[in-house]
Amino acid sequence: MTLANESISGEFILLGFSDRPWLELPLFVVFLVSYILTIFGNMTIILVSRLDSKLHTPMYFFLTNLSLLDLCYTTSTVPQMLVNICSSRKVISYGGCVVQLFIFLALGCTECFLLGVMSFDRFVAICQPLHYSVIMHQRRCLQLAAACWISGFSNSLLQSTWTLQMPRCGHKKVDHFLCEIPALLKLSCVDTTTIEVELFLVSAIFLIIPVTLILISYTFIVQAVLRIRSAEGRRKAFGTCGSHLVVVVLFYGTAIYMYLQPPSPASKDRGKMVSLFYGIITPMLNPLIYTLRNKEVKGAFKRLVARVFLATK
């Protein structure tokens, strides 16, 4: 009880790359620029998807969910990182660490399932076009999105509780930029093999099931696209699905590397960089990937800008 009270009333020190002070200024610039671009890009997609009636489709409904998720995802970590880089005391309160761990993990798990649902949406649109409006009706889209969010937050509650219950015996130096499960487990003063196996199995389920769904969906999608006689139709289908596939590879590749590899001292700094990639860089790239390869989004953005310009006259 004494140890628990000590942890709750204390704070954690986020070491990050404090052993390399020459990296702090470049990292501050990268974090700040990435965060600004993430906010601008994802807010643009949300506004365009909501304000342009031509984008009121299941695909853009799920894309709006992804953009909202990415906004919250980066906001849960980047402001604290920027403050710590500028401060000589790189600390975070126990309560702040708990909230950051819970939200970061919840949104990451939610994105795992959301990307799987988005691949299913593309599968129905391309392989069952005549039944698309019947299968992907508004109520079903809301149910699928709600299931993603509920699953993500439920899993985060489970894994966060397991992690925070481990005794730390006064250890409070987190060798990371943020409060993340692998880094917090290293603070434990007891054997963590059992909980690591449990967390590995849960992470495997949350990563492998959506990846399997995505692979199956895209197998059928490729077969269906290759049967399209029109070259323009094939190009449009591959362009739409290609954007989603790039996002999938970026997110799942780094997440699988982080959570499904055996822990080793040699991978310490690589783990930090991988976390930065899927926690900061990927949310920044998502709007660029979807807009640069999508004529509908670019057209809607131009119409929105023209409407705002005319309204100011």
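Just so you know, glycine gets a Cβ as well, placed from its N, Cα and C.
As written in TrEMBL, here are the features:
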DOMAIN    41-290  domain 'G-protein coupled receptors family 1 profile'
TRANSMEM  25-48  transmembrane segment
TRANSMEM  60-78  transmembrane segment
TRANSMEM  98-120  transmembrane segment
TRANSMEM  141-158  transmembrane segment
TRANSMEM  200-226  transmembrane segment
TRANSMEM  238-260  transmembrane segment
TRANSMEM  272-292  transmembrane segment
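Among 60-78, 238-260, 272-292, 60-78 has the largest number of CB pairs under 8 A with the transmembrane segment (98-120). Regional average pLDDT for the domain 'G-protein coupled receptors family 1 profile' (41-290) in the model is 84. When each of the listed stretches 60-78, 200-226, 238-260 is scored by C-beta pairs under 8 angstroms to the transmembrane segment (25-48), 60-78 comes out highest.
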